[in-house]
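S.K.: After the structure tokens below, expect a handful of questions from me.
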Amino acid sequence: MLKKKAKTKSSSKKWSSFKNARSMHVLLYLLLAAIMFALLFVHVKPETLDLDLFSVSDKTIYAPATVEDQKATEEKKQAAEDAVEDQYTLKKEYTDNRIDLVSSIFDSISEVKKSSEEGSKSPSEKSMVKSVKDKLTSDVNDSISEDSIKTLLKADSEDFSFVRDTVITAVNTVMSSEIPSDKLSDAKDKVEKELKSNSIPSKYLGAATEIGRFAIIPNYVFDPKATEAKRQEASDNVQQVQIKQGQVLVEENDLIDREVYRKLELTGLLNNSNLFKPISGLLIMIGLFIATLVYYFEKQKQNLKFKNQSILLFSIITTLLLVIMEVVSLFQKMEYNNIGYLVPIAAGAILIKLLMNERIAILGSIILAICGSMMFNQGVTGTFNYVIGIYYLISGISGVLFLGKHNARSKILQTGLFVAFINMVVVLSLLLIQNTALSGLEIGTLMLMGVVSGFASSVLIIGLMPFFETGFGILSTMRLLELSNPNHPLLRKILTETPGTYHHSVMVANLSEAACEAVGANGLLARVGAYYHDLGKTKRPQYFIENQMNIDNPHDKLSPQLSKNIIISHTTDGANMLRSYKFPKELVDIAEQHHGTSLLKFFYYKAKEKGDQITEEEFRYPGPKPQSKEAAIISVADSVEAAVRSMHNPNPERIEKLVRGIISDKLQDGQFSECDLTFKELDTIAKTLCATLKGIFHSRIEYPEATKKVK
């Protein structure tokens with residue numbers, strides 16, 4: 001039996017040390033990430049189908065994502081290229097070349113004429129023609145007849161020059177226009193027409209026409225580079241052919257032909273090879289969630305144990321809501337996929353706010369909204385149902401903001417009512433924005449779902465709060481109200497065993513609550529902390545003056561050192577008793593810290609008078625000093641109440657002087673050095689305590705003592 005007990009104690013010790021270990025929160029982050037991945041992957045994993053070519057589809061199949069249809073895109077690009085006509089370019093240099101050619105023909109004839117005129121012996125016509133032809137290229141000789149050469153050789157200088165200029169002008173005019181190869185004949189006819197219209201003597205017209213027609217060639221020629229550039233431009237302007245997300249690939253009872261089968265393959269519906277992207281994306285998103293949480297929690301000034309507890313608490317609430325969403329999502333169908341509106345999503349954010357704080361609650365709302373938009377994505381195009389995501393986000397954040405700084409049970413119910421109203425309005429607005437074709441009955445049903453979600457959130461919160469408070473030792477308003485019940489065993493113990501201490505504690509509670517509320521601290525925590533701050537006095541009630549009724553003071557018979565030990569021990573005794581009753585740490589701290597390290601002056605000076613060799617440190621409380629505003633304010637209220645109670649004929653001036661003196665002494669003694677009270681707040685505390693004490697110790701009418709008896 002002893003062995004088993006030792007083993008249990010050892011394992012408990014190991015768990016406690018692990019709970020305080022830095023590796024604990026790393027493990028919690030990894031565990032939360034793994035749970036998120038397990039619950040979300042099934043909703044982002046692409047659907048795969050077992051279908052055969054030329055089979056009949058048993059359902060309408062939609063494209064799960066937008067993908068490019070490369071085959072169709074290439075076909076469209078090729079069609080665009082084929083539609084581009086050949087590109088031609090007007091070669092202006094061809095005009096100059098042909099004019100030069102015409103000039104060279106006339107120059108050759110002119111040279112032969114000049115040579116024959118200068119010679120002593122006139123050459124024969126035949127030899128002159130031969131001389132001209134020798135000067136011309138073969139293609140010119142093939143195109144220009146000897147008769148034309150002879151005619152021009154016989155022309156006088158004036159006619160020769162006129163014919164030359166007229167042919168050059170006509171060629172230039174015709175060649176200045178585009179002459180494609182298929183229009184060459186028309187261009188030659190045009191130059192002939194030009195020549196005929198220029199009054200060339202009839203005997204030269206044939207020769208001029210022959211040279212003019214020969215000079216005309218196609219100048220509007222095919223340009224391969226321009227054609228290729230145009231085709232490339234046409235190809236580049238073709239938009240990608242895409243299979244859009246949500247596009248119908250095949251209708252129910254339709255044949256799956258080769259084209260449909262190709263599209264099913266293209267969208268990844270026939271194989272599992274396209275898992276890399278969704279897995280990677282989901283891991284990145286979860287990584288961002290965890291990184292944000294790490295950043296938030298690492299900034300919190302908490303010891304390792306409470307940081308681990310906060311992470312665990314957040315993880316449990318988040319997992320709980322994810323599981324609820326997963327269960328509800330099992331009932332969604334293609335024809336009715338709006339069941340997600342029923343999820344009490346606000347419960348998660350409000351629970352986090354009640355048990356932790358508002359900032360992390362809003363972060364939790366964002367994470368749950370994104371996760372919910374993935375879980376309820378059936379029947380929508382894409383992985384995310386943005387409508388449900390917006391609904392979840394507004395629902396969660398509105399609940400957190402409406403709750404504010406209050407968390408009484410009645411306020412939670414009011415918050416549920418408010419969230420129900422907000423949900424109803426959000427559902428209606430989203431449906432109107434979508435311009436949905438739903439009937440009035442269907443819209444009403446969805447709005448009713450939002451109302452149910454709001455009420456369910458408040459019920460879930462009230463039901464779960466006690467479990468979280470007990471399991472994590474969290475101090476909430478409901479827990480404080482429960483501990484402030486006069487029927488609590490420890491309060492009954494204080495009342496019955498130390499009635500003077502009980503009355504003192506109630507007075508301190510009233511004072512400290514008012515002071516805390518004046519500086520923005522937790523007034524209810526201060527009230528309940530004050531009720532239990534002197535619990536340790538129940539161990540030796542008669543040694544404390546407020547409980548010494550009709551008995552001698554036992555300290556008169558004790559040494560100052562022994563009296564000091566008895567008085568000082570009440571802080572640690574009280575803290576230990578509260579721990580044994582599993583009280584929240586905040587209340588234990590108040591019991592332990594309400595005297596800080598202050599000096600027990602009465603017994604210190606008594607010992608000094610006796611001549612004992614002592615130091616101040618021996619007569620100081622062990623501390624620690626107050627760590628919170630509430631503990632510091634209770635320490636002031638405790639001293640003030642005791643001092644004012646012992647004051648003879650208290651009046652406002654004397655009370656204020658006493659209060660400010662006590663605060664000043666504690667400040668100079670360094671009792672506030674470890675809490676975050678400011679000088680301004682200390683002044684506010686002094687004013688509030690004075691005002692409260694003046695109300696308690698106000699002047700009363702002095703009734704004369706009845707000294708005469710009625711005869």
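Keep in mind that glycine also has a Cβ here, set from the backbone N, Cα and C atoms.
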S.K.: Among Asp534, Asp552, Asp665, Asp669, which residue does Swiss-Prot annotate as binding Mn(2+) 2 at the site that also has His570, His594, His595?
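M.R.: Record check against Swiss-Prot: Mn(2+) 2 site with His570, His594, His595, extra candidate from Asp534, Asp552, Asp665, Asp669 is Asp534.
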S.K.: Tell me which of 24-44, 360-380 corresponds to the transmembrane segment entry in Swiss-Prot.
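M.R.: Of 24-44, 360-380, Swiss-Prot gives transmembrane segment for 360-380.
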S.K.: Among His503, His504, His555, find me the residue Swiss-Prot lists at the same Mn(2+) 1 site as His533, Asp534, Asp638.
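M.R.: Swiss-Prot lists His533, Asp534, Asp638 binding Mn(2+) 1, and from His503, His504, His555 it also lists His504.
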S.K.: Using a cut-off of under 8 Å between C-beta atoms, tell me which stretch among 275-295, 336-356, 360-380, 384-404, 448-468 contacts the transmembrane segment (413-433) the most.
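M.R.: Most Cβ pairs under 8 Å with the transmembrane segment (413-433) come from 448-468.
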S.K.: Give the one range among 275-295, 384-404, 448-468 whose Cβ atoms make the most pairs under 8 Å with those of the transmembrane segment (336-356).
M.R.: 448-468
S.K.: Let's check the environment of His595 (Mn(2+) 2 binding site): how many other CB atoms sit within 10 Å of its CB?
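M.R.: Taking all protein chains shown, His595 (Mn(2+) 2 binding site) has 24 Cβ neighbours within 10 Å.
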S.K.: Among the binding-site residues Asp534, His570, His594, His595, report those whose Cα falls within 10 Å of that of His504 (substrate binding site); none is a fine answer.
M.R.: Asp534
S.K.: Within a 10 Å radius around the Cβ, which one of these binding-site residues has the most neighbouring Cβ atoms: Asp534, Asp638?
M.R.: Asp534
S.K.: Give the sequence-ordered list of residues that share a chain with His570 (Mn(2+) 2 binding site), lie 6 or more positions from it, and have CB atoms under 8 Å from its CB.
M.R.: Asp534, Gly536, Lys537, Lys539, Arg540, Phe544
S.K.: Could you give the residue numbers and ranges of same-chain residues that sit at least 6 residues beyond the transmembrane segment (384-404) on either side and whose C-beta is under 8 angstroms from one of its C-beta atoms?
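M.R.: Here the qualifying positions are 340-341, 343, 345-346, 348-350, 353-354, 358, 361-362, 364-366, 368-370, 372-374, 376-377, 411-412, 414-415, 418-419, 422-423, 426-427, 430, 434, 450, 453-454, 457.
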S.K.: Can you tell me which parts of the same chain pack against the transmembrane segment (311-331), counting only residues 6+ beyond its ends and a CB-CB cutoff under 8 A?
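M.R.: The answer is 25, 28-29, 31-32, 35-36, 39, 43, 293, 297, 339-340, 342-345, 347-348, 351-352, 355-356, 360, 364, 367-368, 371-372, 375-376, 378, 464, 468, 472, 474.
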